[in-house]
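Asker: Just passing along the structure, written as structure tokens.
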Amino acid sequence: MAAVESRVCETEGCSSEAKLQCPTCIKLGIQGSYFCSQECFKGSWASHKLLHKKAKDDKIKPETSPWTMDGDINTDPWPGYRYTGKLRPHYPLTPMRPVPSYIQRPDYADHPLGMSESEQALKGTSQIKILSTEDIEGMRVVCRLAREVLGVAAMMVKSGITTEEIDHAVHLACISRNCYPSPLNYYNFPKSCCTSVNEVICHGIPDRRPLQDGDIVNVDITVYRDGYHGDLNETFYVGDVDEGAKRLVETTYECLMQAIDEVKPGVRYRELGNIIQKHAQANGFSVVRSYCGHGIHKLFHTAPNVPHYAKNKAVGVMKPGHVFTIEPMICEGGWQDETWPDGWTAITRDGKRSAQFEHTLLVTETGCEILTRRLEENGRPHFIS
């Protein structure tokens, strides 16, 4: 599950912090559109104004109804919301699933707002914890279990299966391993895993929409056991996908693995974004800026912050005992994102597809250990094997 990056200027090549928002976009209900200065805003105007035209055109198009699928009446949860792509939520959601009391729970599990007080206590710090031998063994165990749970989800992915059904299987797989599904009630996230289909970048909420032939879907798993979190995700093909989807998914996985190859003591965390963006751009794709990799151990999200785009300002140098995730989100079109009114589902602003892969890594004395590595198929992800 990705960490949220602070907003950066949307002007191509500018990575300054952005606090100014386009007033026309606000009026039209277009999310995002942040710039660092009037100069950058004016310099981007020629391309940026096309967003305004698209939003106006969408409002005058005759309405079609995406809310009926195979005789199943779906409730539109946000009437009037302008979707960027073809995907629609399929509501109502099922209630939040219970977790047996005998399973150890993270501090946010029963908080009314899902707030992690242990994370809040360290918010803003850039100090990166060096894990003890005991901590490292705990991380190895929980990451192995997280990998097993993702394997259960992988067997579920096929046309006609709903992401809600995948979530149910994930929930049961966590419970059977005496694990708490870390996303559940994390800042009130309502499900046990994230399922992100097509134009969804990350944090998609599982619902009753059946997967369709040609979809791509990312399943993001985090589990909590004995005080530690283990986090990973993969993007899967649903049935037969087009060549564009294959190129996107393959490139995204290559971005992750090329970054992992550079992980070793002495490397600056900011360097990973340079590696990822170089490979993505060489293949005609863009890199999401709003969501990042993160430190993980007894806390779900903590230092370091690990942006995936070039010329970022991430703080920190890798040392043995650091544990963190790399989880690049790569897009067919532009990197700009919006969020559905559910407050979680991040989607591409242009409605084009996005893919993601994630591993949890331990920095060793000479390189790194992939804690969430797949034990079968020589470690290859499911889309290859």
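All residue numbers here begin at 1 and follow the chain in the order shown.
Every residue, even glycine, has its Cβ placed from backbone N, Cα and C.
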Asker: Given that Swiss-Prot assigns His294, Glu327, Glu358 to the Zn(2+) 4 site, pick the one from Asp215, Asp226, Asp231, Asp240 that the record assigns to that site as well.
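Answerer: For Zn(2+) 4, Swiss-Prot names His294, Glu327, Glu358; of Asp215, Asp226, Asp231, Asp240, the listed one is Asp231.
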Asker: Per Swiss-Prot, which one of Asp220, Asp350 shares the Zn(2+) 3 site with Asp231, Glu358?
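Answerer: Site partner of Asp231, Glu358 for Zn(2+) 3, according to Swiss-Prot: Asp220.
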Asker: Out of 6-59, 114-167, let me know the one Swiss-Prot marks zinc finger.
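Answerer: Of the candidate stretches, Swiss-Prot labels 6-59 as zinc finger.
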Asker: Note the Cβ centroid of Asp231, His294, Glu327, Glu358, the recorded Zn(2+) 4 site, then list each other residue of that chain whose Cβ lies within 8 Å of it, in sequence.
Answerer: Met1, Ala2, Ala3, Asp220, Leu232, Asn233, Gly293, Ile296, Thr325, Ile326, His359, Thr360
Asker: Please report the three-state DSSP label of Cys22 (Zn(2+) 2 binding site).
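Answerer: The residue in question, Cys22 (Zn(2+) 2 binding site), is coil (DSSP, three-state).
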Asker: What is the average pLDDT across the zinc finger (6-59)?
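Answerer: That region's mean pLDDT is 70.
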Asker: Within a 10 Å radius of its Cβ, which of these binding-site residues (His48, His52, His203, His294) has the fewest neighbouring Cβ atoms?
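Answerer: Among the binding-site residues His48, His52, His203, His294, the sparsest Cβ neighbourhood within 10 Å belongs to His52.
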Asker: I need the nearest neighbour of His48 (Zn(2+) 2 binding site) among the binding-site residues Cys9, Asp231, His294, using C-alpha distances.
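Answerer: That would be Cys9, the closest of Cys9, Asp231, His294 to His48 (Zn(2+) 2 binding site).
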Asker: Whole-number Å distance between the CA of Cys22 (Zn(2+) 2 binding site) and the CA of Cys36 (Zn(2+) 1 binding site)?
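Answerer: Checking the Cα atoms of Cys22 (Zn(2+) 2 binding site) and Cys36 (Zn(2+) 1 binding site) gives a distance of 11 Å.
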Asker: Sequence order is fine: just name those binding-site residues in Cys9, Cys14, Cys40, His203, His294, His301 with a Cα within 10 angstroms of Glu358 (Zn(2+) 3 binding site).
Answerer: none
